[in-house]
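Below: the structure, in structure tokens.
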Amino acid sequence: MANSLRDGTRQAWDRIVASDPGLNRLRLALSGVLAVGTTLLVEYGLDLLLEAGPRGSLVVMLLGAVVGMMGAMALTGSQVWPKIRTAAFFPVAIGVGMVPSMLTSGHHALRLTLFVAMMFAAVFVRRFGMAFFFYGFMAWMGYFFTTFLGATPDQLPTLLLSVAVATVTLLVLSTTVLRVHVGRTLRRTLSAFRSRGRAVAATGADILAAEEPTQRMWRRLHGRQVRLAEAALMVEGWLGEQESTPRGRSAAGLRRQLIDAQLAVEGVAASVSPLTRAPAELRAVAARTMRALATSDHEAAVRAARELRSMSTPDEALSGAVRQLAASVQDFVAIVRDWTDQDSGQRHHAEEFAPAVTLAMGNLPGSAAVAGGVPARGSRWNPLSRLDLNTRQAIQVTVAGALAVLAGLAVSPTRYYWAAIAAFVVFTGASTRSETSIKAVNRVVGTCAGLFAALWLAQLTAGNTPLILAVILACIFCGFYLMRVSYAFMIFFITILVGQLYTVLNQLSDQVMLLRLEETAVGAASGILVSLVVVPLSTRDTVRSARASFFTDLAVLLRAAAHRLGVPDESRTDENQADEPAEQQQSPDGLSRVLDQRLQQIQLIADPLTRHPIGGNDVRWFRHRLVFYTACASYARQLAAGLRHVEPDYRVEGAGHACGYLAAVADALAEHRPDRTAPGIDRDLSLAGRALEHPTTPATEPVRHSLSRLHQVLYQLAVPGDMTADPHLLPEAETTGGTAAPAGWESTPDGHEEHRGSGGTGLHGVVRDTAGDPLPHAVITVIGTHGQQLGRIDADDRGTYAFPELPADAVTVVTSAAGFVSDARFAPLPVPGRAQARHDFTLAPTAARERRTAEHSGSGPARS
């Protein structure tokens, strides 16, 4: 009983740690509660000294609470002086908002105009840094607060004194009890990384234990790998903070260990697919190994890995997966033990370190990091579309605010500001029109749900001031803690908080809360309309920009790898050669982390496109492409790890030249849309494939292996509709690694793969030439969503082919025949139980074949 309770508690805490790397959300929530609670207490003492009366007391305490909430988010970090410098201007920012409101008292139209103008200014000043983000927000809140409470100029000194007292209180808290200890935060973030790694192992064990793994299980496995990569990037960000690493450790050394640990977890995940078709005894041992790793039973995990190594199987692909799982488990355990053993852990030499990511308030950067360089739609005819992102958003907020005020006045002449607030806030932290629309919808949903809870709780707390304060502080905690989980959750608790405030003001009623919902809907609708019409930023355009940056940085890594292997980059011009040494001196590990950051940006921005069919987009196609980008980043990480101990050697020039050719492929992919083929890319892919066939040394075999994987994924991303049927374009799947055939696929005597399981769907069709004649013996290859080869068959004498069963998912079908241009297409498959999908192919002859045909037709019959 005690052991079960202890295990349950440990698992629950493990989930909390995994969901909140560094406990950053928990710290922010506690900071918000402590900041607001302490500020209210201090402001209450100030009110007793000033004897401001009941209304004055309410004004002072509400203003202090507002400053406390915003200040808790603004004064983060570990450095004292930046906090002092930032907090010093809190009273100035709020005063800038208060004074115009007081001066326009009695001029309703002018006050409304300035209200909208303050929105523009609050957003425009964000260009000057994170501190000005809060200054602008505070100025706007100062204007709104003064207007809402009807403050007069004679109250200005008291209000500014209240703000100053709240600022000093916050500054003392943020530099003492709320100060971030970067060393502890780094350790907590590493704990979150380990917890997410264990979650990947647990999901793998669940899949191996299931008789028929579901697609949901596979998606969960992929999703947990994505979360693992996010935790690794957060560790990277904290490594860049001063004095974050333990004594005797270096940031660069910890980065290398973190990359190795991430590769070990990915090795565990990659072994799952081939092991699903292993004999029952082997599957059981593999599942036990993963389960031991998932429960942090390192001794049992190592013993099970050794037992796994001793088990033999005639299937070479399965044997490779067994070796990969055993090695990955042992590597991960060794790294974790080194992290946790401060006495006997590895000691690192001091090295230069530049983090690949800079955290924002302890979190990974948002979409603005990419969207800033993307022009809005309509740039050809609308000069406003060519402005920078910050100015465009200021214009959008101004237009949306004006519409919300006008529409809000029509709904209620006294509560219009709720609509204005909604229109203003939906653009905060959102860059693309999809993000803005989703945030607006979440605000309405959260308000609607919170309305009922607010009315119910108000009945329980009416007249009980301590209980009201407790509910308010609880709402602040929950809202801050769940803010990054879902914006709707935060608005749910903010709505309850507002209900409690109206209880204090004796203004709460069903009509008031319903009016709040109506005004919020008006403001949200204004925000959505403006984001779609006024200088709209397309989500697809932003994804393409992030994708281009991803491939550009992949090319940088590949060129650095070529240089490390002793091969000069022949694709660079003489003009660019002068800049090359600095680029090549960068650590491959650091360059791989830059690539991981680019991947995270793509996933963040493309998230709406992978969840909702916005504008008729194909959700499965976007998911399909994201898996390929993830595979690219993983193989690039493997490449960086393999390059650590490689020296220039003439015997590995093949791999070095392959790096150069693949870098050219990445450059071409960066410059062209994903639905268009880049000219000349087939040549570089073919040359890379040929270069990878050159002999190598044992030390550089991991490099060649990683490059082979990258070659295969880049081929699949190249949209090879115009590529010639060169066998080096599409390398054969290797027997080990992360692209083995998935569960249920078995090798036939002729070397092809068939599906032996159930629950899938089918694919068939005919391959013809442009004259309509069948192409017998054409090769049809099916590539799965995770980059693995699902099947490879030859067409029969009539040119027909058939895959009886495939997993119910989207695939890429590549068709090639000697002397003909290959064709590749994305093929969404029907759900199981419905008709099979049919995809016919028409292959055009290559230029060489056309010349031979013309020669033969002019000089007699062709020779065999």
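Just so you know, glycine gets a Cβ as well, placed from its N, Cα and C.
Looking at 111-131, 132-152, the range tied to transmembrane segment in TrEMBL is 132-152.
Contact between the transmembrane segment (132-152) and the transmembrane segment (58-75) is present: at least three CB pairs lie under 8 Å, with pairs separated by 6 or more positions in sequence. In this chain, the transmembrane segment (489-508) lies out of contact with the transmembrane segment (158-178); the count of Cβ pairs under 8 Å, excluding pairs fewer than 6 apart in sequence, is fewer than 3. Assigned with DSSP, the residues of the domain 'Integral membrane bound transporter' (403-530) fall into helix, strand and coil as follows: 105 helix, 0 strand, 23 coil.
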